[in-house]
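Over in Swiss-Prot, the protein carries these features:
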type     : residues               : note
ACT_SITE : S102                   : active site, phosphoserine intermediate
BINDING  : S102, D244, D246, D248 : Mg(2+) binding site
MOD_RES  : S102                   : phosphoserine
Amino acid sequence: MTTRLFGTDGLRGQVNIYPMVPDMALRLGLAAGTFFRNGNKRHRVVIGKDTRLSGYVFEMALTSGLCAAGMDVFLVGPLPTPAVAFLTRNMRADLGVVISASHNPFHDNGIKFFDKDGFKLPDSQEDAITEMVLNQNHRWDYPEPERVGRAHKIQDAPGRYIVYLKNSFPSTLTLDGMKVVLDCANGANYRVAPLALEELGAEVIRIGTSPDGLNINHKCGSLYPELAAQRVRETGADIGLALDGDADRLIVVDEKGTVLDGDQIMAICAMDMMEKGRLPENRLVATVMSNMALEVFMKERGGSLLRTPVGDRHVVEAMRRTGAAMGGEQSGHLVFMEYGTTGDGLLAALQLLRIMREKNRPLSELAGLLTPFPQQLINVHVQRKIPFEQCPEIGRAVEQAEKELAGRGRVLLRYSGTESVARVMVEGEDDALVGRLAAGLAETLQQHLR
């Protein structure tokens, strides 16, 4: 069986520690270029990155490998992950590559691939690439010297993405008179997001738009929405938008400074789409982490919630399989299949702003559609990731917690696909009970997974 090199969101790790080393990036470029090369036509790949200092290292290594494999490389510089997915389709490329570790600190980085249609690669293709990369005896099928690829910088890539975003917003509407607090996490959207909102007429109050290579996600962005909330209260803004480092997720703050997560944003957007007949079979796709209240919300309105494993990749796969138009994660990955192929924080923000404009209602009123059940999420750092069912003590603790919830709540244990972390999630009707059970389960995991 092929060793899994890729997690739920590509390859990720600490810079200059295996596997996030330049040699790995070079071999990944060679392998991906070889795998996607087909026939004698010129092959093209789009490479984008976020604002991490190490992005230059992996950009150059990947470019070398891809060019050596016969791919022409289009370098678009710091741009959001969804922008690279869009540009891969828009530029008729064979492959898209993003260099980013998303919401992680600057000392981490990652590499993920998109196919020609802008979708993340399936396991089978990632495994084929992995097999070439890890086989030190693999004989590379290098092209003839005249078929070696060229590298080009694409200067107008940000402008193309802005036009794409604005085309998702009705031409009959503007954001004139709206005050928007925008936190770009010193990440990939630091240039594009403010410009797109300002071109639509909004007054933008900027946070996290001065990247220095080291400050990406540092006490800002979607993991620190209280920063945007404070600025909303100070300035009287209509809304706060907090993006993560690669801008594929969104957390929102209403005009009162209340933080809204992905579940609440999905409820608002799903309701709007159901009213307009734009949500096929009134089906919404979300992960096992989404609050039970979202499931109840959809059922009460004649709809349904289809749950998937964690990761926007799994959400998108389920959407494609079922024909769903919208899906997302509580963490803020939101996918609108009419417009894009992956989570896009700014595109999701524009959909929310459109609804606010069309209904002429403040965000706090719209958010009243969904009242989340009490939920507690605890991250437990682990030394090993053994299957939970192989530890009887963990099984007994889960069984006891479910017994106390008496069918009026959920317990979920899972490992992170990108970090050495086990996640404990408990939700139910009683806040105190939920907190106590979550803390007890976290302690059990700490004892048995060290």
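Cβ coordinates are placed from backbone N, Cα and C, and glycine is handled just like the others.
Overlay of Swiss-Prot feature records on the structure.
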| residue | record | CB count, 10 Å |
| --- | --- | --- |
| S102 | active site, phosphoserine intermediate | 29 |
| D244 | Mg(2+) binding site | 33 |
| D246 | Mg(2+) binding site | 36 |
| D248 | Mg(2+) binding site | 33 |
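For the Mg(2+) site, the Cβ centre of S102, D244, D246, D248 serves as reference, and the other residues of the chain with Cβ at most 8 Å from it are D50, P80, T81, S100, H103, G187, A188, L243, G245, A247, R249, G343, G345. Cα-Cα distance from D248 (Mg(2+) binding site) to the residue listed as 'active site, phosphoserine intermediate': 8 Å (rounded to the nearest whole number). Distance between Cα atoms for D246 (Mg(2+) binding site) and S102 (active site, phosphoserine intermediate): 5 Å, as a whole number. In this structure, the CA atom of S102 (active site, phosphoserine intermediate) is 7 Å away from the CA atom of D244 (Mg(2+) binding site).
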